[in-house]
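Have a look at the structure below before the remarks.
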Amino acid sequence: MAFNDLLQQVGGVGRFQQIQVTLVVLPLLLMASHNTLQNFTAAIPTHHCRPPADANLSKNGGLEVWLPRDRQGQPESCLRFTSPQWGLPFLNGTEANGTGATEPCTDGWIYDNSTFPSTIVTEWDLVCSHRALRQLAQSLYMVGVLLGAMVFGYLADRLGRRKVLILNYLQTAVSGTCAAFAPNFPIYCAFRLLSGMALAGISLNCMTLNVEWMPIHTRACVGTLIGYVYSLGQFLLAGVAYAVPHWRHLQLLVSAPFFAFFIYSWFFIESARWHSSSGRLDLTLRALQRVARINGKREEGAKLSMEVLRASLQKELTMGKGQASAMELLRCPTLRHLFLCLSMLWFATSFAYYGLVMDLQGFGVSIYLIQVIFGAVDLPAKLVGFLVINSLGRRPAQMAALLLAGICILLNGVIPQDQSIVRTSLAVLGKGCLAASFNCIFLYTGELYPTMIRQTGMGMGSTMARVGSIVSPLVSMTAELYPSMPLFIYGAVPVAASAVTVLLPETLGQPLPDTVQDLESRWAPTQKEAGIYPRKGKQTRQQQEHQKYMVPLQASAQEKNGL
């Protein structure tokens, strides 16, 4: 009997799974809000220099006489005249600049508060020479996500999924709330970094805890559900940001609910699969019997005993004798190959995704409308992705999503700027494909890595995604060399990464691997084709040690039938 059979015995997809999955994925509604929150809290309204304090604005011309014009006839945002230019025809916008001397905005700025009454940009004057600080805040948030993926992925394999989730909810609640009351920009950035760390842990452990409690045939459904909840969060952000335009109120509104998530997360049940892989058979039995009671299978739960579990989960128990580490991803040839291929997929998906979604003001239309459209396209995209994942498999779904996204972005690079409808449509389509790619890569990664290193592998994958999200804004600077250069780069990377999927095995209908031995035995044909399967007599010392204490996988009848 394998672990999947034990899950079926205690109720399969019963009341417990329905309740826990719902409660675990609910915080993802607000995780989407945090990831793109600065599109609204750091929006840049129209602005221009404030005249000197002693300026007489009651005379004919008023404010206009202090503002030079750019080539489009609009007031300069970062310059003002050193003295009023009374004789120049600024009011009709025909004079481009004038001959007066100019200076920076030494007395501050006047902002158009009609759309964005209050943002971190207007509060701390993050414009002109300080404009880069706005991007710094988002980059530091992504650095936090990067650190969180590494730290909490590792801790989840050591301490368990439940404990780390509880900590992450509390950290998000506290740091997000403190960011809303930050007295200055450096403190705001520090708390945003801490929020990013915690949200990375929530993202990783949400997927893993749910997948490890679900039977094989429902894992794709869970992955797709998580993706849809994240997409709904994008709708939620557009509505909430429109209703609450003040950045401090908005920051608080998307952070305070995590206090409630922290409270109810104490009732989560830790993954029995993680308990067994850690060698804690007593806790495995207790968790399974508790789930059986919740699912109305008390009698089936009573049939379980320590002896039954020892016979059924001998492999997980022997696994507990060897502690996997992040270095295992590089020592073992099979895991190293997985790590390198999956890292490329994670990086490419995140790199192109954030290249599109973090420049909403660049579309020239309502930022709230674009946010809704970007959220709406996820729904059909992820539905199609789900159908492909469940019918054709994870590998073709991942390849198609990245390839189509890259093609859409590349086409945008050659379409003229005045074709705004076509360009926007392609960007939306590309964003939908990248959202489907994220959905697939989360599920695919969790199914490829063995149990004892699964969360570490997920954490390293998410780490590479955060590297992509940090590098992505830097690529936008290449537009100074050639306007379409960023789009060519954003498109070429996912197209190239899509080819990597042919080097990975298919996981559709397969039980989760618990050891490296499981992975190698199922992946032998793919490894041989790729030329990475270790030849006889060439095993490393680490692999030989694994063979001493790992028993072969004995698939149950249900698993052999893909159930």
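Note that the numbers count up from 1, one per residue, in the order the chain is shown.
A Cβ is built for glycine as well, from the same backbone N, Cα and C atoms used for every other residue.
Features as listed in Swiss-Prot:
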- Asn39: N-linked glycosylation site (CARBOHYD)
- Asn56: N-linked glycosylation site (CARBOHYD)
- Asn92: N-linked glycosylation site (CARBOHYD)
- Asn97: N-linked glycosylation site (CARBOHYD)
- Asn113: N-linked glycosylation site (CARBOHYD)
- 525-563: region 'Disordered' (REGION)
- Tyr230: site 'Important for interaction with cidofovir' (SITE)
- Phe438: site 'Important for interaction with cidofovir and PAH' (SITE)
- 1-9: topological domain 'Cytoplasmic' (TOPO_DOM)
- 31-135: topological domain 'Extracellular' (TOPO_DOM)
- 157-164: topological domain 'Cytoplasmic' (TOPO_DOM)
- 214-224: topological domain 'Cytoplasmic' (TOPO_DOM)
- 270-337: topological domain 'Cytoplasmic' (TOPO_DOM)
- 359-368: topological domain 'Extracellular' (TOPO_DOM)
- 390-395: topological domain 'Cytoplasmic' (TOPO_DOM)
- 417-425: topological domain 'Extracellular' (TOPO_DOM)
- 447-455: topological domain 'Cytoplasmic' (TOPO_DOM)
- 476-484: topological domain 'Extracellular' (TOPO_DOM)
- 506-563: topological domain 'Cytoplasmic' (TOPO_DOM)
- 10-30: transmembrane segment (TRANSMEM)
- 136-156: transmembrane segment (TRANSMEM)
- 165-187: transmembrane segment (TRANSMEM)
- 191-213: transmembrane segment (TRANSMEM)
- 225-245: transmembrane segment (TRANSMEM)
- 249-269: transmembrane segment (TRANSMEM)
- 338-358: transmembrane segment (TRANSMEM)
- 369-389: transmembrane segment (TRANSMEM)
- 396-416: transmembrane segment (TRANSMEM)
- 426-446: transmembrane segment (TRANSMEM)
- 456-475: transmembrane segment (TRANSMEM)
- 485-505: transmembrane segment (TRANSMEM)
By a 10 A CB contact count over all chains shown, which of the recorded sites listed here is most packed: Tyr230, Phe438?
Tyr230
Residues satisfying Cβ distance under 8 Å from Asn113 (N-linked glycosylation site), sequence separation of at least 6:
Pro45, Thr122
Intrachain residues whose Cβ lies under 8 Å of the transmembrane segment (369-389), provided they are six or more past its termini:
36, 39, 220-221, 223-224, 227-228, 230-235, 237-238, 241, 357, 360, 363, 396-397, 400-401, 428-429, 431-433, 435-437, 439-440, 443, 508
Do the transmembrane segment (249-269) and the transmembrane segment (10-30) come together with 3 or more C-beta pairs under 8 Å, pairs six or more apart in sequence?
yes
Counting across all protein chains present, how many other Cβ atoms fall within 10 Å of the Cβ of Asn39 (N-linked glycosylation site)?
22
Can you check what DSSP calls Asn113 (N-linked glycosylation site), collapsed to helix, strand or coil?
coil
Could you name the stretch, out of 136-156, 225-245, 456-475, with the greatest number of CB pairs under 8 A to the transmembrane segment (191-213)?
136-156
Kindly say whether the transmembrane segment (456-475) and the transmembrane segment (10-30) touch, using the definition of 3 or more Cβ pairs under 8 Å where each pair is 6 or more positions apart.
no
Compute the C-alpha separation of Phe438 (site 'Important for interaction with cidofovir and PAH') from Tyr230 (site 'Important for interaction with cidofovir'), stating it in Å without decimals.
11
Suppose I define contact as three or more CB-CB distances under 8 A, residues 6 or more apart in sequence; do the transmembrane segment (225-245) and the transmembrane segment (10-30) meet it?
yes
Pairwise Cα distance for Asn39 (N-linked glycosylation site)/Tyr230 (site 'Important for interaction with cidofovir') [Å, integer]:
17
For the topological domain 'Extracellular' (31-135), provide the mean pLDDT of the predicted model.
71
Over the span of the topological domain 'Cytoplasmic' (157-164), count residues by DSSP class, listing helix, strand and coil in order.
7 helix, 0 strand, 1 coil
Tyr230 (site 'Important for interaction with cidofovir'): secondary structure state under DSSP, collapsed to three categories:
helix
